Amino acid sequence: MGPGPCRVPRAPGWLLRALALMVAACGRVAFAFNLDTRFLVVKEAVNPGSLFGYSVALHRQTERQQRYLLLAGAPRDLAVGDDYTNRTGAVYLCPLTAHKDDCERMDISEKSDPDHHIIEDMWLGVTVASQGPAGRVLVCAHRYTKVLWSGLEDQRRMVGKCYVRGNDLQLDPGDDWQTYHNEMCNSNTDYLQTGMCQLGTSGGFTQNTVYFGAPGAYNWKGNSYMIQRKDWDLSEYSYRGSEEQGNLYIGYTVQVGNAILHPTDIITVVTGAPRHQHMGAVFLLKQESGGDLQRKQVLKGTQVGAYFGSAIALADLNNDGWQDLLVGAPYYFERKEEVGGAVYVFMNQAGASFPDQPSLLLHGPSRSAFGISIASIGDINQDGFQDIAVGAPFEGLGKVYIYHSSSGGLLRQPQQIIHGEKLGLPGLATFGYSLSGKMDVDENLYPDLLVGSLSDHIVLLRARPVINILHRTLVARPAVLDPALCTATSCVQVELCFAYNQSAGNPNYRRNITLAYTLEADRDRRPPRLRFARSQSSVFHGFFSMPETHCQTLELLLMDNVRDKLRPIVIAMNYSLPLRMPDRLKLGLRSLDAYPVLNQAQAMENHTEVHFQKECGPDNKCDSNLQMRAAFLSEQLQPLSRLQYSRDTKKLFLSINVTNSPSSQRAGEDAHEALLTLEVPSALLLSSVRPSGTCQANNETILCELGNPFKRNQRMELLIAFEVIGVTLHTRDLPVLLQLSTSSHQDNLQPVLLTLQVDYTLQASLSLMNHRLQSFFGGTVMGEAAMKTAEDVGSPLKYEFQVSPVGDGLAALGTLVLGLEWPYEVTNGKWLLYPTEITIHSNGSWPCQPSGNLVNPLNLTLSDPGVTPLSPQRRRRQLDPGGDQSSPPVTLAAAKKAKSETVLTCSNGRARCVWLECPLPDTSNITNVTVKARVWNSTFIEDYKDFDRVRVDGWATLFLRTSIPTINMENKTTWFSVDIDSELVEELPAEIELWLVLVAVGAGLLLLGLIILLLWKCGFFKRARTRALYEAKRQKAEMKSQPSETERLTDDY
């Protein structure tokens, strides 16, 4: 029975967080991977300026003593013990110590002999290679020079030379490998053959083969040489290609290996030619009988001057048993992309060939010389795949990029970048110029990396152990939570367990390791629904010590008022390995077992879920069926297909019906956290919602909570009222985006776009200050040709129209136009009302000139528009000049004669009209339009002298001219009129002659005398007597009554 859960001592949450922060602050958590940059082995040149580190190699010495050595070439180092030579170059062997200056010079017993050879500046150490564990060492000097015919006619041949030394770096005369001359070039030929071959520019070992590159052979076409030993047999091979041109530099770099283009027992030579056709190439050469290397394939570069092929490396990147090829092009560039240097990765096609195009192209930053060095460094993280190092020595102080591989080949992104400037080494520059790996020098089962430079420094980077975390279990109990069963101290219990092993598989690696972990409840939701009992928050920080501790258990509590009970609560865990690393560089070979790193290929997090108990079927999964219908309504709550908008439009309604009913495709179960989201335009402002409190507005977003849950077969109708506040002339429609959402399962909820088309109705008004004017005609007839001024035409008229603004500026969308149906002439073609000028007043004044030259067509001189005074012999026949002008005035002529009047309009056919248009300005102010005209006096005298009054009518219309179909305006029309009266001429009485007066008086007196005489004759002047008067009175007094006519008639019968 296994051990039970182990509980850690309780500690306050703040203390645990403080500890985590303290560990992180005091130590450095490895952000890269497992090449250590704090515990370094650094070696410096004995003689500065010697290019110590130009070439490097890791070597394991097993003869005479057991030790690992760092080999460094210094091709510009000073000569030793030779009076004829200043510089020869050297190779140094450096032990793994904390000292920088304890390297020893390798003994190469080559003495100067100017008559036979020159070793001055021969660049000894340009190439350094180790044969591997218990193997030999190869050292080359590619500028070693042979002297022919010394004296005045001496000739020199820079053929180069390589030296092989034993495992202890000493010369063993009994070893054929070391005593063989290794001079593959014939110094008796000139540069067109092998007289300038520069053997040793590159070279290396296999178990039974030593190989060299000679890029100067054959006029610098170059060549590659290989010496193979099998038992007691020795075979020499060289490439005799058909290339005739020079300057290819074949052999600039060389690698030899098996399982490249042939099975494991056949060798393939891979050699670079960085100047092939100016773009570089890599030759793959097959070993043939007779000592020839036969060309099998050529991989060509893609950019002129990139130096493709100047560095190559072989490694089985995908573990398919075949070696893959990496080729450097350090001077590759892409100006726009800021790229400088490239590495081409060619994946082996199971021994058949390599593809012509790279499977992967890695780039470095501009001017970095990325790819000038490439090395297969072994499996530094022990994940089962080979890793690669690429140098970029001119990026800052130099960088080394570490790439891991997988079953798919090399990974595109580097797993670690070592920065030269961050190593803290004074004087270090061009870090990464040379590389050597594939050897575990501190014997921790992880291969290490030696990095050289041109600044007289070499640096050993050792690999730290990699830890695999096992059994990263995180279990929550119960998995289905019933809130009713929670207590005050526990609701959910979480158990986490860890174990580890070393990636290299060392069973004895049992270091005490403490993981720092973080648990977070409901990480993707705020506010969280669970909290840890110990930290009183949704986050808990803790530590886990291994291998002693196996598991820990933590209690969680449920928050109050949890709404979301549909989605599970995710409890996430992540962990790290905080280590206390030194802040400063520590030199020496200190063990790195105490500083492991976590395997970055593993996920450093885990999670588990806690579900709420729900009534959503046996699978505890709610399958809802929310459906929605929506429509716009008018203010009268009638369906609205288009909005006829005007400034009087205040409200707009949106009706939404939401249902959750079962269907044949969906179960229609409860919809948890059902929500309706509306995205409305800025022209609509939320006013009210029915039912109230359902929706909340946030700028242009409206959120409506439908229910939690919105139950099966539930229906809801929303009536949302908007205030229409921002509709402009540019508004064509009002789009509203409606989106239903729920935390239940429903994958067919798509947004619905509801669009209401808008017709904008402008509101403007047209008014006339005086609809009915009065004027007159009279006088004499004047011909049109005789008229010079407007006063010659007749009496003046003045109409003043007023237009109120439309509110929104029309700008380029349209124009308001005032049109006049103007009574221009009578039916016989004579002038009627002669327009003299039209003026528009709004933020200034300007004339209106309708088309057709209809305003003042005779170009008469205009005068003061005031009323023309009457002549002394004329007066207006108006009885009540202060009376109401809107009713027909009563004139003197009408009072006396009441003669008839006539009406002239275009509608009754008695007048002819023309159409005058005046575009009005786009302004927010009131616009006034003044129309001035003259009554054509001659026409009225000639044709209407028999009428006491003539009335002339016209019409004015305000309308909108636009090409936008959604903008309209109701035409505004008003009438205008003028009453034109004829004038009364009063003639004064003439003087009468005196004699006529006297005759008339005399005749009157004679007539009066005759009348008096006649009356006298008739007794008119006689007086009655007194008695007769009295009798008459008495008789009259006695009379009672006179009989009627009827009585008289009856009395006669």
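Just so you know, glycine gets a Cβ as well, placed from its N, Cα and C.
Now, the feature entries from Swiss-Prot:
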type     : residues      : note
SIGNAL   : 1-32          : signal peptide
REPEAT   : 38-103        : repeat 'FG-GAP 1'
DISULFID : CYS94-CYS103  : disulfide bond
DISULFID : CYS140-CYS162 : disulfide bond
DISULFID : CYS185-CYS197 : disulfide bond
REPEAT   : 236-293       : repeat 'FG-GAP 4'
REPEAT   : 294-355       : repeat 'FG-GAP 5'
REPEAT   : 357-412       : repeat 'FG-GAP 6'
DISULFID : CYS486-CYS491 : disulfide bond
DISULFID : CYS497-CYS551 : disulfide bond
DISULFID : CYS616-CYS622 : disulfide bond
DISULFID : CYS695-CYS704 : disulfide bond
DISULFID : CYS913-CYS918 : disulfide bond
TRANSMEM : 994-1021      : transmembrane segment
LIPID    : CYS1018       : S-palmitoyl cysteine
Checklist line | Cα distance (Å, whole number) from CYS162 (disulfide bond) to CYS185 (disulfide bond) | finding: 11
Note to self: Distance check, please: Cα of CYS695 (disulfide bond) against Cα of CYS551 (disulfide bond), rounded to an integer number of angstrom.
What the structure shows: 48
Check: Which residues of the same chain, at least 6 past either end of the transmembrane segment (994-1021), have a Cβ under 8 Å from a Cβ in it?
Finding: none
Notebook entry, point to check: Looking only at CYS185, CYS704, CYS913, which of these disulfide-bonded residues has the biggest number of Cβ atoms within 10 Å around its Cβ?
Noted result: CYS185
Check: Pick from CYS103, CYS486, CYS491, CYS918: which of these disulfide-bonded residues has the biggest number of other Cβ atoms within 10 Å of its Cβ?
Finding: CYS103
Item checked: Neighbouring C-beta atoms (10 Å sphere around the C-beta of CYS622 (disulfide bond)) -> 23
Next item on the list: Can you figure out which of CYS140, CYS162, CYS704, CYS1018 (the recorded positions) comes closest in space to CYS913 (disulfide bond), comparing Cα atoms?
Entry: CYS704
Check: In Å, rounded, how far does the Cα of CYS497 (disulfide bond) sit from the Cα of CYS1018 (S-palmitoyl cysteine)?
Finding: 169
Checklist line | Rounded distance in angstrom between the Cα atoms of CYS622 (disulfide bond) and CYS103 (disulfide bond) | finding: 75
Margin query: Within a 10 Å radius of its Cβ, which of these recorded positions (CYS94, CYS162, CYS497, CYS551, CYS1018) has the fewest neighbouring Cβ atoms?
Written below: CYS1018
Note to self: Tell me which of the recorded positions CYS162, CYS551, CYS1018 ends up closest to CYS486 (disulfide bond) in space, Cα to Cα.
What the structure shows: CYS551
Notebook entry, point to check: Which residues in the same chain, at least 6 apart in sequence, have a Cβ under 8 Å from the Cβ of CYS197 (disulfide bond)?
Noted result: VAL159, GLY160, MET184, CYS185, ALA214, PRO215, GLY216, ALA217, ASN223
Item checked: Residue among disulfide-bonded residues CYS94, CYS491, CYS616, CYS918 with Cα closest to the Cα of CYS551 (disulfide bond) -> CYS491
Next item on the list: Find, among the disulfide-bonded residues listed as CYS140, CYS616, CYS695, the one whose Cβ has the highest number of other Cβ atoms within 10 Å in the structure shown.
Entry: CYS140
Next item on the list: Could you state the whole-number distance in Å separating the C-alpha atoms of the residue listed as 'S-palmitoyl cysteine' and CYS94 (disulfide bond)?
Entry: 190
Next item on the list: Give, as a single whole number between 0 and 100, the mean pLDDT over the repeat 'FG-GAP 1' (38-103).
Entry: 94
Check: CYS704 (disulfide bond) to CYS162 (disulfide bond): how many Å between their Cα atoms?
Finding: 85
Checklist line | Integer Cα-Cα distance in angstrom, CYS491 (disulfide bond) to CYS94 (disulfide bond) | finding: 64
